[in-house]
Ligand SMILES: *Cc1c(COP(=O)(O)O)cnc(C)c1O
Ligand code: SF4
């Protein structure tokens, strides 16, 4: 039942929840998850959040006590809170939105598998997560019981991979594969390991962020066993805000690294949560301190109810442009747009290259450091001159050249 709590009631309820949770035990964290209208016990809710909780139909609402503890009980602008608590915008659907904007279902030859790129597939391993992120682009699958992947479904997916020798790289995502039991994870990894042409396995998981205690020694042992000469295991996680970079998260990442797993980050660009230069820079600096390399920065998908999260396309480009020069290259994500309708991912980079001057064989660049124009030369024997956009006299004049 939805209640309206005062700040002192909320603080008391939080304290009680934290003390009855066996904090570092991931099963206790999951048992004590806060779901649906019970969120009202742990936040002083705004009108918009009350509507959001009442009218959200798209996705489960749930958070671990750990992730809840990172959020503000009384500040509705808290970035962590915005990823946990639905707001009224989430219940507003627009005609340009779709529950499957990437056409993953059409590109699915067997249940739970998307085969879009020749050499890699996306495997949907399960439909549960530790925290249901409001911006999740797999809302149609995550938290729906009809999407439950049975052992038989996974067997059919492995059969498909086995019969397609061009598949070298299997991205396991969900839901969250690390919300499966250890035994099921072990079985999945052993199946993949037994397929000769599968060289790479990637685990897409938000548990290092939302439930770091899930990354247990026992789990890492299993992963390490299959991280061998034949199979290389990578992990891509999703930190979206510097507040998520905690000591607990760092310890979880270090356990993965010890198991030989390379950890990368794919953050999602989210309006009023992380869509400013300094927040993104600080997030990626903290990630490097946790030895996590930047991988992607996603432009949010056009999923139903996503208007509260979407930013203009330019924002992502501006942020990546700002970061260049201020942090090592391994801390700068590639800004990607997963094209609607099954077009796959493309990267959009800041425009550092301004064009070519054929007369002098010169390239014109904009520097990220000096902010000035810098020139360099094309080789004398180049056969690629027609590749470059030619700068007109007017362009050159504008650039002061
Ligand atoms: C994102 C994605 C992949 C992996 O893409 P990378 O650019 O290699 O990380 C593979 N298959 C599908 C369907 C995807 O959406
Ligand atoms: S953890 Fe990933 S799949 Fe699960 S709700 Fe969050 S974004 Fe979606």
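Every residue gets a Cβ built from N, Cα and C, even glycine.
Positions annotated as [4Fe-4S] cluster binding site by TrEMBL: 129, 133, 136. Positions annotated as domain 'Radical SAM core' by TrEMBL: 114-333. The annotation N6-(pyridoxal phosphate)lysine is assigned in TrEMBL to 345.
In this structure, 345 are the recorded positions from 129, 133, 345 whose C-beta falls under 6 Å of some atom of ligand 1. In this structure, the CA atom of residue 133 ([4Fe-4S] cluster binding site) is 22 Å away from the CA atom of residue 345 (N6-(pyridoxal phosphate)lysine). Of the recorded residues, the residue listed as 'N6-(pyridoxal phosphate)lysine' and residue 136 ([4Fe-4S] cluster binding site) place their C-alpha atoms 17 Å from one another. Take the CB of residue 345 (N6-(pyridoxal phosphate)lysine) and look out to 10 A: across all protein chains shown you find 14 other CB atoms.
Within 10 Å of the Cβ of residue 133 ([4Fe-4S] cluster binding site) there are 24 other Cβ atoms, across all protein chains. In the three-state DSSP reading, residue 136 ([4Fe-4S] cluster binding site) counts as coil. Taking Cβ-Cβ distances under 8 Å and a sequence gap of 6 or more within the same chain, the neighbours of residue 136 ([4Fe-4S] cluster binding site) are 59, 129, 142, 303.
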